[in-house]
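Please read the structure below before turning to the comments.
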Amino acid sequence: VDPLTSIMLILITTVGIMVLIYSDNYMSHDQGYLRFFAYMSFFNTSMLGLVTSSNLIQIYFFWELVGMCSYLLIGFWFTRSTAANACQKAFVTNRVGDFGLLLGILGFYWITGSLEFWDLFEIFNNLVYNNEVNFLFATLCAFLLFSGAIAKSAQFPLHVWLPDAMEGPTPISALIHAATMVAAGIFLVARLLPLLIVLPYIMNLIALIGIITLLLGATLALAQKDIKRGLAYSTMSQLGYMM
């Protein structure tokens, strides 16, 4: 457990418990009270699993679980057609990024032969230092890993799902789409930083996408009538800052 993991653990548990306490009253008249809390606990569990993982396979497994929880929670009121469409949109958009993430993981496994973070960083940095790695391929794999983060953190090309994700109950919007889940992409980039930092093009690309998202999110937020959609866009903008 390194500083990055511990700060994420504090964030997820704190926000999670507050949202659970708040939802108790908020959802008390709802038909799906038990279902709601089951999904919420499941989401918090997957999120904690994600940040404590020590290798790429574990990260991918929990990444998928978090995506699934997001799908279930956005489509919580599945009788409303808007919610049903929104959860499908979020799920499919995230699938695009997850596919990239999987390909990137396989690519780095092919380059280094390891999936454990610390071994992977060490082997990869040695390969780069001795100039034994195909830079184009490594950059492509790094970009594919980053595409997973782009989808999850609603960065520029794959940001379209976030405003629609506000169709779920309000505590969901607070927990997932403003606090913890969208931070998962940033967490992934931070976790893989030793890998990305030796590939200059990727660092520039991350900065560029962050800037585009920041400006786009802030601009689109001005035109929103619905307060939750405005919040979604401002969240997106702040995530651009974090990138």
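Quick reminder: no glycine exception, Cβ is built from N, Cα and C everywhere.
The domain 'NADH-Ubiquinone oxidoreductase (complex I) chain 5 N-terminal' annotation in TrEMBL covers 1-37. If you look up TrEMBL, you'll see 6-22, 34-51, 57-78, 99-121, 133-151, 172-193, 199-223 marked as transmembrane segment. Positions annotated as domain 'NADH:quinone oxidoreductase/Mrp antiporter transmembrane' by TrEMBL: 53-243.
Within the chain carrying the transmembrane segment (172-193), a Cβ under 8 angstroms from the stretch's Cβ atoms is held by residues 4, 8, 11-12, 15-16, 19, 22, 40, 43, 47, 50-51, 59, 63, 66, 69-70, 73-74, 76, 101, 117, 142, 145-146, 148-155, 162, 165-166, 206, 228, 231-232, 235, 239, 242-243, all 6 or more beyond its ends. Across the domain 'NADH-Ubiquinone oxidoreductase (complex I) chain 5 N-terminal' (1-37), DSSP classifies residues as 29 helix, 0 strand, 8 coil. Mean pLDDT of the predicted structure over the domain 'NADH-Ubiquinone oxidoreductase (complex I) chain 5 N-terminal' (1-37): 91.
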